[in-house]
Amino acid sequence: MAGLQLAPHLPVGVMFPHNKTEAHGLHSAKHDPYEQSDSPQRSSMGHLRTSFQQKLWSNTELEQEDVISTHPKRNICTKARRHSCPHSAGISQQGSGNNAQGQGKGLFYLSSPTPRYPKANDQDFIPFRKKRVGVDRAYPLKPMVHRKSHSTSETGIDGDQNGYPRLPDSSEFSDSSFGLRSWVNPSLLASPQAEKVMAQLHRTEWTQIQRLEAAGESLQKEIRRKEILLREKLKKTEEGLRRIQREKKQAIFQEDRELQRMVLPRRRVRDGDLDTTHNSCLSPELRSEVFSRNRGEDQTCEQAQENSSPLQLSDYEIQRLKRERLMVSNNKIRDRDSGPSAGTFSQPAEDLGDELQASSLSGTPGSSGSSSSTEEQELGKCSHCGRSFLSLRLQRHSTVCGKMQGSKRKVFDSSRARAKGTELEQYLNWRGPATDKAEPPPRKSTWRQKHESFIRTLRHARQVQQVIARGGNPSDLPSILPAENPDYVQCPHCSRHFAPKVAERHIPKCKTIKNRPPPPRRHDS
């Protein structure tokens, strides 16, 4: 055991190769010092070490396969490892006796001069991670970046021992330095994932935009449909309003036509007299101007009637009738101003009847004084109401007025209404109608006496207040006279005054009380 030499301590950053053959060669290269020795102990330790490393390698491979099967997203890691593992195929160890420091370190180097970081085709490399509790495999945590500050001299020393760049340590595959301290550039790793995320975002945005456009088109179609419906409704309402207006105009036109038929014969007679009086007042120049204007209006109206529709004709007829009515009303006002008898001439025959004929005979403009005198003589008074009427109307009024004055309102008898349908009704009918009670004479108004007595009481109360304020005795003042009310009745037994109805109840009671015999005296025992 004294001559036993332990194997140099392996560094933590040893990377196991992908192929088992390479691993076997590596292990054999590692354990050359033990095999060269002739002692059986060294050979047994070497075999144990190799078997242990083989078991460890198989376990790590199984774990990696499980991770890949459970998380398909990590296939990228296998790709990166396949790209990177061939570079570590030719691993050798410095076996010279002079370079003892190299054997003590036990560092492995690549057989080919590969750079420290892989090329651009290794962008998809993502290092493996061991299973941990509480870590989501689908959404791994963001790795922690711990950059080591290696000097250029150290790297040069490590790399110049064999002239080859150093392999990365196994700590670079640890969970604390996930992804960013690996052989692959992190910006190159993030680019495909970012592209996928951006493509997915663009796809979702495009679908949302398409949905919004479809919704907008559907809204526009709905708005157009509603606009069409509203326009149709407006057209229907406009047509209905126009139809109603036409019906109204036709009704007005028919009414005016009927009025024109009724008024036309009267107006012909009246217009003849009015035209003569009106033209006599006008000068010849004005008369010719008015005649030419009326003639032009008639010609234009005839042309309009020929070329226009029935509705336009009705409008023209309405305007013409209105103008004629205004002329008639002006003529009536002028006739009233000229004389009172003209008003009787313009009254309609339906209202006056025979009276209009009698008044029209005496209603000539030349006999205005005689007509007023005859009207005064014909007036007579009604015997019932005392109003004055014409002799022609007085008889009719007197008959109606006599009926109104003679008819009295039937008084409602509540006792008969209650007794109706009972045996008491026969008794009331046999008894006959109740005799009307004699109405009491009307009372005389005594408001002045009441007012004077009220003023006297107020003055007496004011005097009493003044005496009390001075500190005197109010009993020294003369007593106020009792208020004299002539309506009140004095009781003969107690000499008090009561209202008439109250006195009727009080006097018999007071009489019985006063006429009672005195109570018997009590004999004291």
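Cβ coordinates come from backbone N, Cα and C, glycine included.
Swiss-Prot assigns the feature region 'Disordered' to one of the listed ranges (330-349, 430-449), namely 330-349.
Separation of the C-alpha atoms of Cys491 (Zn(2+) 2 binding site) and Cys385 (Zn(2+) 1 binding site): 47 Å, rounded to the nearest whole number. Using Cα positions, the member of the binding-site residues Cys494, His506, Cys510 nearest to Cys401 (Zn(2+) 1 binding site) is identified as His506.
Using CA atoms as reference points, the binding-site residues Cys494, His506, Cys510 were checked against His397 (Zn(2+) 1 binding site), and the closest is His506. Same-chain neighbours of the Zn(2+) 1 site beyond Cys382, Cys385, His397, Cys401, judged by a C-beta within 8 angstroms of the site's C-beta center, are, in sequence order, Ser383, His384, Gly386, Arg387, Phe389, Leu394, Ser398, Val400, Gly402. Within its own chain, Cys494 (Zn(2+) 2 binding site) has Cys510, Lys514 as residues 6 or more apart in sequence whose C-beta sits under 8 angstroms from its own. Annotation for Cys385 (Zn(2+) 1 binding site): same-chain Cβ neighbours under 8 Å, separated by at least 6 residues, are Cys401, Gln405.
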